[in-house]
Amino acid sequence: MAESLLLPLVRGVAGKAADALVETVTRMCGLDDDRQTLERRLLAVESKLANAEEMSETNPYVKSWMKELKSVAYQADDVLDDFQYEALRRQSKIGKSTTRKVLSYIMRHSPLLFRFEMSRKLKNVLKTINKLVKEMNMFGLESSVRREERQHPWRQTHSKLDETTQIFGRDDDKEVVVKLLLDQQDQRRVQVLPIIGMGGLGKTTLAKMVYNDQEVQQHFELKMWHCVSDNFDFIALLKSIIELVVSGRCDMPDMIELLQKKLEQVIGQKRFMLVLDDVWNEDERKWEDVLKPLLCSVGGPGSVIIVTTRSLKVASIMQTLRPHKLACLSEQDSWELFAQKAYSNGAEQEQAELVSIGRRIVNKCKGVPLALKTMGGLLSSYQQVQEWKAIEENDIGDSVRGKDEIMSILKLSYKHLSSEMKQCFTFLAFFPKDYVMNKDMLIQLWMANGFIQEKRPMELTSRGEFIFDELVWRSFLQDKQELTINYGATSYVTINCKMHDLMHDLAKDVTDECASIEELNQQKALLKDVCHMQVSKAELEQISGLCKGRTILRTLLAPSGSHKDFKVLLQVSTSLRALHCPPSSIVNCNKAIYAKHLRYLDLSWSEITELPESICVLYNLQTLRLIHCEELRQLPKDMARLRKLIHLHLSGCDRLERMSPNFGLLNSLHILTTFVVDTREGLGIEQLKDLQNLSNRLELLNLDKIESGRMQKKPILIRRKT
């Protein structure tokens, strides 16, 4: 499944090859022909990549080809990023007096040397891509840019309950839903009730329980069940409903007008209940303009439609009644469901140790009925304690049956994500299980890695917020909480969330780019193929043995550890887009940071008194987090050069004496938490007048320094975007 992430990667690199800044520098270096060739080759590969992914499932040669393509795509991205950085560096020099100390940190003193080195890098990339394109043309692949959006196989369900199987933990849900349906008896219009929840929670099972309830049977004259799945086709759905009512085939022409009249004829004024199971359609027009007028204009008072879906967006489009959210099973219900399956052969009475292992496995299932049934059924075929322990030590999705049954259900949700959202979701495998993720940090890391595709920088954050909300709506993220964080006199509101363990297993299953030191040691693997890593202090001490040559690490979060171990890792990580330094390592590791590609830098909770001037040559930097740097007194004087800076977090920097001069030039800022007013030239509150894109609460410090007479001459309007 990891190959499915290749398409957005290749598409993003092709887009960067066409970037105006990249083109400007390649023209100046006489390398624009090579740039154009690279762009064309990438577009050619992109058009056939979806078909290559299908073929790779059965063809190991194509699978190997895709692995090499991913490697060279990352190399190409770095090379193009070098050109982009050089353009930004030159822009920064124009009309600016800059200290030699800062520029010497990273600038190329010789244009000839830069051209020679970049020519070598670009031609090496082209050589590899030309070879891969030649091989690709031998595969006989179809050209289909939109192939990733193809229809998925139908998932068929039915209304029949297995009366021999006990259902645990859903009686209360059934009672609530049945009562709600019966209470609609006086409603003239058809009411729509969504049942929502993540895959495997039992939405279809609950719908069946309601459908077969005795009171429901007597209350509704007509009951119909249709599994929609991917096929939200008006004609097919209308014909299916007609066939369900008449218990016969509908051979009418595919004309909505005729089908509408037939529907009115066969249903008339009968009170009906229609279950639309497994709905994925998020196109509001398909419901509002076509199906809603047809389905909600027939039937007698009290008619209802039940919709089961994993998507809050689907529910919001179709609902007339408040959706019924299906929760995970309680600990007791989880145990009873698992035990029914796992101990069917009497092992529960024979070995108490199997019970204690079973309870630990139940905890890992986190109340998801599908996982509980699958793991219980798997363990029922084993009687030995060692066999149970071996299964307990693995993730649920690592067992053969777990991978086949549980992951296949969850992958249905994954397949319905856009390429952009797939990248953002799989990145979450980078965090350990049960990790509390911060919304702002997540979006900033997505942006740093280029997962969010927006041409205008100011739209990146808004797009990231949309993707975050979509992942919450679709149950990929959960436990969303709004919190108020206090840093002394400073406070701000933030949003945190978590991910269900099964969703974490899914993310790990569909990507091979995220790994921990522990996982690498277990697999006896090196760092060279890992893109995103979070490292604890203990793990950092083991890192040197895994660093053999350059890595392709793009995200490295190491909030604690010694600077010696961290410096070793930095020296082989020349592709970093996002970096969180241990507080003790900032000064010592400053020169080891390869700054060209960096978009995200977190120096929070450090004891630094001032930032190194080298920060000012991070021309690609989008996010700088300096939260709770209590000893920080000033920002670098050339910080106004960071024109791409979008987020600057200064909460808890209580000793900050002033901002950097000409701060108003940072007009891409979307988040600025603190502004310290000063009376000197270029440091006053008037610098805020050009920061028109700020969207957060801003704390103003040292307002007593404002001279009233001076402010009357320079009126300022500070607006907050909504």
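Glycine too: its Cβ is placed from the backbone N, Cα and C atoms.
All TrEMBL annotations are machine predictions without curation.
Taken straight from TrEMBL:
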DOMAIN    10-99  domain 'Disease resistance N-terminal'
DOMAIN    172-345  domain 'NB-ARC'
DOMAIN    431-507  domain 'Disease resistance protein winged helix'
DOMAIN    588-695  domain 'Disease resistance R13L4/SHOC-2-like LRR'
Report the listed stretch (172-345, 431-507, 588-695) having the maximum count of Cβ pairs within less than 8 Å of the domain 'Disease resistance N-terminal' (10-99).
588-695
Grab the pLDDT values for the domain 'Disease resistance N-terminal' (10-99) and give me their mean, rounded.
88
For the domain 'Disease resistance R13L4/SHOC-2-like LRR' (588-695), DSSP counts of helix, strand and coil?
20 helix, 17 strand, 71 coil
If you run through the domain 'Disease resistance protein winged helix' (431-507) with DSSP, how many residues end up as helix, strand and coil?
34 helix, 21 strand, 22 coil
Mind checking how the domain 'Disease resistance N-terminal' (10-99) divides into helix, strand and coil residues in DSSP?
76 helix, 0 strand, 14 coil
